[in-house]
Amino acid sequence: MTVRTRFAPSPTGLLHIGNARAALFNYLFARHHKGEFLLRIEDTDRERSTQKAVDVILDGLDWLDLKPDAAPVYQSTRQQRHTDVAQELLSRGLAYKCFCTADELKLMREQAVAQGLPPRYNGFWRDRDPSEAPSGAPFSVRLKAPKEGETVIEDLVQGAVRVANAEMDDLIILRSDGSPTYLHAVVCDDHDMEITHVIRGDDHLTNTFRQAMIYRAMGWALPQFAHLPLIHGPDGAKLSKRHGAQSVVDFREAGYLPEALCNYLLRLGWGHGDAEILSREAQIALFDLDGVGRAPSRMDYTKLAHLNGVYLREADPARLTEDVAARLADRSDVIVDDLFRERVLKLMPGLQARAKLLTDLAESAAFLGKKPPLSFDAKAEKLLDAPTQAILRRIADKLAPLSPFDAPTIDAALRAFAEEAGLKLGQVAQPLRAAMTGSLVSPGIDATLAALGRDDVLARIGAATGHG
Ligand code: GLU
């Protein structure tokens with residue numbers, strides 16, 4: 001049997017990282033078992049399911065490199081099939097028409113609550129003849145759920161989970177406007193798509209009992225279920241906006257690399273010994289549902305940023321350069337052109353060694369696209385007093401004739417100057433940093449000057465010493 005998993009998001013306008021993690025687990029599980037990973041867009045709420053909301057999901061999966069193995073299935077296109085299945089259950093006597101009005105249902109729920117029972121339907125039309133209803137009255141279709149015994153799900157993460165059937169009422173599969181309910185549609189779709197493993201958040205666990213009843217009524221084999229614990233914030237409360245980034249787009253904008261985010265999401269709630277950094281190949285080779293814990297995981301943004309730094313240091317400089325250029329493209333104080341890209345690429349080894357997030361990386365590269373005179377931060381301003389400016393002018397005289405204007409030649413010249421002037425290397429490098437970047441932070445000063453090129457280095461020294 002080919003393993004077939006699916007990710008089945010509802011287009012809400014954002015791809016929450018809890019959902020992204022479900023997608024990752026479905027993807028890895030399918031790959032590990034040499035099966036297929038499918039995507040179903042659950043777009044039955046036509047108001048919310050705009051093309052834009054669907055694109056958020058498609059773009060998010062693309063960015064995370066979790067591409068499905070087939071074109072997405074749109075649940076809304078399958079409504080006829082959902083209705084047909086409901087009709088079949090109706091004609092086989094396994095479902096029935098319920099003519100209760102909204103007011104009657106409300107009353108029923110209130111009566112149940114008054115008796116200390118959960119608010120639910122009392123089965124009024126279960127064994128009644130539809131001819132008792134006023135002619136033409138609208139009806140919903142309800143499944144005749146078993147009343148005795150229990151429903152047990154052998155969940156691959158949670159173990160055996162059970163519920164007494166007496167606790168569940170007859171669920172609606174078709175609403176009175178003829179539209180299928182979500183619970184019913186999912187079962188029909190998972191069956192028709194030949195899904196073998198349903199891996200999803202454990203907020204769906206209670207739905208699973210009801211869905212199992214539909215499978216059984218249709219005589220369909222149940223897939224295996226794996227319900228993943230949810231992701232909580234660092235304080236243990238449900239992850240929300242106040243904790244920080246929570247949708248895939250938020251993380252992307254905050255400067256995380258998709259491979260770092262995937263690695264982190266995998267480790268959050270799944271373990272394989274002490275392994276922290278796992279390539280996609282290793283993830284596929286090692287992933288199975290046995291390693292998924294049952295307790296909710298806590299999002300640790302500090303750990304994620306650290307992991308991102310590790311990935312950032314290994315990332316391709318050309319790719320990072322493009323990212324930096326894109327992040328700075330709208331900045332009025334930075335000229336993002338080919339020259340800028342060239343400079344960033346040249347200095348990237350030094351830049352990527354120090355950054356944790358792509359946003360830091362872009363910020364640290366911005367000076368390469370600025371036109372002198374730069375604005376100076378407080379520390380740089382303080383350092384650039386008259387005596388320091390005099391030193392800078394002397395350094396400029398040493399740098400002007402250098403050939404080639406590359407890092408080793410610059411390094412040798414700065415060392416020789418420091419020695420000759422009786423200065424420590426830092427006393428040469430820091431004023432230069434201030435003049436080049438407007439701050440006292442940059443990669444190695446030799447590489448920084450080489451990336452800027454002679455003309456710009458001299459122009460920046462000139463501007464910083466009042467001779468611009
Ligand atoms: N569409 C559901 C959601 O976005 C998921 C359904 C499922 O995985 O069965 O929460």
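Each position is counted from 1, following the chain as shown.
Every residue, even glycine, has its Cβ placed from backbone N, Cα and C.
The domain 'Glutamyl/glutaminyl-tRNA synthetase class Ib catalytic' annotation in TrEMBL covers 3-304.
For 9-19, the entry in TrEMBL reads motif ''HIGH' region'. Remote same-chain partners of the motif ''HIGH' region' (9-19), defined as residues 6 or more beyond its termini with a Cβ less than 8 Å from a stretch Cβ, comprise 41-43, 45, 48-50, 52-54, 56-57, 60-61, 201, 230-231, 239, 245-249, 251, 261, 265, 299.
Counting residue by residue with DSSP, the motif ''KMSKS' region' (238-242) contains 2 helix, 1 strand, 2 coil. Annotation source TrEMBL lists motif ''KMSKS' region' at 238-242.
Sequence annotations record features per position, and here TrEMBL assigns ATP binding site to LYS241.
Feature annotation from TrEMBL assigns domain 'Aminoacyl-tRNA synthetase class I anticodon-binding' to 339-464. Mapped onto DSSP classes, the domain 'Aminoacyl-tRNA synthetase class I anticodon-binding' (339-464) shows 93 helix, 0 strand, 33 coil.
Beyond the motif ''KMSKS' region' (238-242), the same-chain residues lying 6 or more positions past its ends with a Cβ under 8 Å from any Cβ of the stretch are 17-18, 230-232, 299. LYS241 (ATP binding site): 10 other CB atoms within 10 A of its CB, across all protein chains. Mean model confidence of the motif ''KMSKS' region' (238-242) amounts to 85 (pLDDT, 0 to 100 scale).
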